[in-house]
Amino acid sequence: MTSHLKKVELHCHLEGAAPPALTEAQAQKYGIDISGQLRDGAYIWHDFASFLECYDKVSEVYKTEEDYALLTETYLDELAAINTIYSELIVSPDHGKRIGLGADAYIAGVCEGIRRAREKSGIEARLIVTGERHFGPESVIGAAEYAAKAGNPLITGFNLAGEERMGRVADYIRAFDIARDAGLGLTIHAGEVCGAFSVADALDAVRPARIGHGVRAVEDLDLVKRLADLGTVLEVCPGSNIALRVFPDFASHPLRRLKEAGVQVTISSDDPPFFHTSLEREYALAAEAFGFGDAEIDAMTRTAIEAAFVDEETRRALLARL
Ligand SMILES: Nc1ncnc2[nH]cnc12
Ligand SMILES: [Zn+2]
């Protein structure tokens, strides 16, 4: 049982956390046919590419500032109810632009959702702006420029997500330079769909403090040692990895092997309802599928707070709550 444990999440895509019932209601409100993406309360996709398509389509039913406030508040309330004290949400102001809402209104809605949830439960949250590889390097640079110039204290990180098989990390160096110069924390999706080389690429080109997933680093033991030596923190999302068939089952998932090799690991849910999971389930899996005890799970949560993209005062307050 892990329900009593305090929880922290470093890796969850906001639109990827959209509860199917809320998405259904939104689709009805706007008269959008979502039957190709959502049936019987479950999102429909069959591989990584179709998951990304489904994700983008589902995002289209969230259209206004208030829609984003509601989505954010709903997810953070769900997290707070399972003892979560801190959440980093991966957001796409670019999506706001694409749907005609605008990046500022998109972020304003998300921030209002954070404010409402925090007022009720005390949950802390920060935003990681992401660029999406499948929209090309220019759009990723645009996302970095937006994050750098926003001057929004809740935007504290920059990420690269989307179709990992498109381009190499080196194509996105400029975006990460912009984000780094603005003082944002850096993390990159790598070693999820692509092999160990993508993690090495991320380290060579950007050297981020954290890597989203990174689990396929296990295919190269020298790289595992490099991650351990550098202290790079992995945002591991086991349920997502199994749903996307990165590994066939939890028995072959490398979370424990990476931890035992000295890599800093943390636990997150990625896109929970798309992958039939939740942060609550990911913590339960840490105990039941990976055999970690409470103290080991607390240590991973501590690692997450230590690696969080927050100011030192907030970090101290979160550590005190653990
Ligand atoms: N798991 C994932 N990998 C890459 N991009 C994503 N965007 C949303 N979820 C993602
Ligand atoms: Zn992700």
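Each Cβ is built from the backbone N, Cα and C atoms, and glycine gets one as well.
TrEMBL labels come from automatic prediction, so no person has curated them.
Keep in mind the model is a prediction, meaning the values are calculated, not measured.
Lifted from TrEMBL, the feature list:
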ACT_SITE  Glu192  active site, proton donor
BINDING   His11, His13, His189, Asp270  Zn(2+) binding site
BINDING   Asp271  substrate binding site
DOMAIN    7-321  domain 'Adenosine deaminase'
SITE      His213  site 'Important for catalytic activity'
Distance [Cα-Cα, Å, rounded] between Asp270 (Zn(2+) binding site) and Glu192 (active site, proton donor): 12
Listed in sequence order, residues not in His11, His13, His189, Asp270 with Cβ within 8 Å of the centre of the Zn(2+) site Cβ atoms: Cys12, Gly16, Ile90, Asn159, Ala161, Gly212, His213, Glu235, Cys237, Ser240, Ser268, Asp271
Residues among the binding-site residues His11, His13, Asp271 that border ligand 1 - Cβ under 6 angstroms, in sequence order: His13, Asp271
Site with most surrounding Cβ atoms, counting all protein chains shown within 10 Å, from the binding-site residues His11, His13: His11
Recorded positions compared (Glu192, Asp270, Asp271) - highest count of Cβ atoms within 10 Å: Asp270
Recorded positions whose CB lies under 6 angstroms from ligand 2, from Glu192, Asp270, Asp271: Asp270
Integer average pLDDT (0 to 100) for the domain 'Adenosine deaminase' (7-321): 97
In sequence order, the recorded positions (Glu192, His213, Asp271) whose C-alpha falls within 10 A of His13 (Zn(2+) binding site): Asp271
CB within-chain contacts under 8 A for His189 (Zn(2+) binding site), separation at least 6: Asn159, Leu160, Ala161, Gly162, Glu164, Ile211, Gly212, His213
Asp271 (substrate binding site) to His11 (Zn(2+) binding site) - Cα separation in whole Å: 9
Rounded inter-Cα distance in Å - His11 (Zn(2+) binding site), Glu192 (active site, proton donor): 13
Assigned element (helix, strand, coil) containing Glu192 (active site, proton donor), judged by DSSP: coil
